[in-house]
Amino acid sequence: MALLKVKFDQKKRVKLAQGLWLMNWLSVLAGIVLFSLGLFLKIELRKRSDVMDNSESHFVPNSLIGVGVLSCVFNSLAGKICYDALDPAKYAKWKPWLKLYLAVCVFFNVILFLVALCCFLLRGSLESTLAYGLKNGMKYYRDTDTPGRCFMKKTIDMLQIEFKCCGNNGFRDWFEIQWISNRYLDFSSKEVKDRIKSNVDGRYLVDGVPFSCCNPSSPRPCIQYQLTNNSAHYSYDHQTEELNLWLRGCRAALLNYYSSLMNSMGVVTLLIWLFEVSITAGLRFLHTALESVSNPEDPECESEGWLLENSVSETWKAFLESFKKLGKSNQVEAEAADAGQAPEAG
């Protein structure tokens, strides 16, 4: 028994074709929106590519760009099909290809749904990408004289100012790396020598942070050096006092920013997916309604349209059987090929 069987007369078929034509062209605009969202996200990721490990971070924007282009192509073609469906002579040339086209549309809808899910689920991958990239970026902060890295200080400083953050996980991350270049250290100073000798790696480590970690909203002038030395500052206790630094790490700040972007894009993609599914269902009804016209010479006669020719369970069984037959035919062909090669070898 057919699923969701609906009766159509000529007037209903025309209205369905016209409605689908309009929906397809609206979906072309939706495809442009998807393409634009993917392009925007790609640009935003490129802006911070210096503090990212780019091995996986561009999967989502590339996917959005791809499905946006495919949406424009498929829906433009579907709009043409719906327009030609009003003319039996023009519709005849599309008739042999409609089943294949509908199968492609179903596959595209599955891909679109998976892309929408990726927008929500790739937070973990993005977090590891940011953690690795920021850690390396902070290591190169001091290399202002090294070709290829001289821009890193400005990049990190602008990042911390823009996103109101400090370090990777927090301001204490700066205590673990040498972020002051040797060029600006006085190696004749006893303090510098003692600090370098105080650790195995021979690095100049200080309990201080770059100026870009300072919070301008703080009423107190920024304390960025000797943060853990209470006696170095008047009326100061680093354990109880609210420091005049950004306390949030840049990984969390960037992760929240990109996650909110991708969540919004995921919602938009899901809405477009629902729209695409309704178009595919409408095309199926139009296709079956035109196929079941009993008298093609009488355009006014009634016909029936349906979503599935059989029930869901029967359709699934038929699909599995056809899949098994396809596998068996491939196996038979392979055995025949092996049998043909055996006499040649003999």
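Placement of Cβ uses the backbone N, Cα and C atoms for every residue, glycine included.
Swiss-Prot lists Asn229 with the feature N-linked glycosylation site, giving sequence analysis as the kind of evidence. Summarising the environment of Asn229 (N-linked glycosylation site), the number of other Cβ atoms within 10 Å of its Cβ, over all protein chains shown, is 12. In three-state terms derived from DSSP, Asn229 (N-linked glycosylation site) belongs to neither a helical nor a strand segment and is classed as coil.
Each residue in the region 'Interaction with MREG' (341-346) has a pLDDT score, and their mean in this model is 55. Taken from Swiss-Prot, the feature region 'Interaction with MREG' covers 341-346, and the record attributes it to similarity to another entry.
Annotation source Swiss-Prot lists topological domain 'Cytoplasmic' at 1-24 (among others).
Residues or ranges marked as topological domain 'Lumenal' in Swiss-Prot: 44-61 (among others).
If you look up Swiss-Prot, you'll see 81-99 (among others) marked as topological domain 'Cytoplasmic', on the strength of sequence analysis. Within its own chain, the topological domain 'Cytoplasmic' (81-99) is flanked in space by residues 13-14, 17-18, 20-21, 24, 283, 286-287, 290-291, 296, 299, which lie at least six positions past its ends and keep a Cβ under 8 Å from the stretch.
Residues or ranges marked as topological domain 'Lumenal' by Swiss-Prot: 124-264 (among others).
Here Swiss-Prot flags 291-346 (among others) as topological domain 'Cytoplasmic', drawing on sequence analysis.
Per Swiss-Prot, transmembrane segment is recorded for 25-43 (among others).
Summarising the annotation, Swiss-Prot assigns transmembrane segment to 62-80 (among others). Within the same chain, residues 20-21, 24-25, 27-28, 30-39, 41-42, 101, 104-105, 108, 111-112, 115, 118-119, 265, 269, 272, 276, 279, 283 sit at least 6 positions outside the transmembrane segment (62-80) and bring their C-beta atoms closer than 8 Å to a C-beta of that stretch.
Under the heading transmembrane segment, Swiss-Prot lists 100-123 (among others).
Residues or ranges marked as transmembrane segment in Swiss-Prot: 265-290 (among others). Same-chain residues lying 6 or more positions outside the transmembrane segment (265-290) and placing a CB less than 8 Å from one of its CB atoms are 6, 8, 12-13, 16-17, 19-20, 23-24, 26-27, 30, 33-34, 37, 41, 60, 64, 67, 71, 75, 78, 81-82, 85, 91, 98-99, 102, 105-106, 108-109, 112-113, 115-117, 119-120, 303-307, 309.
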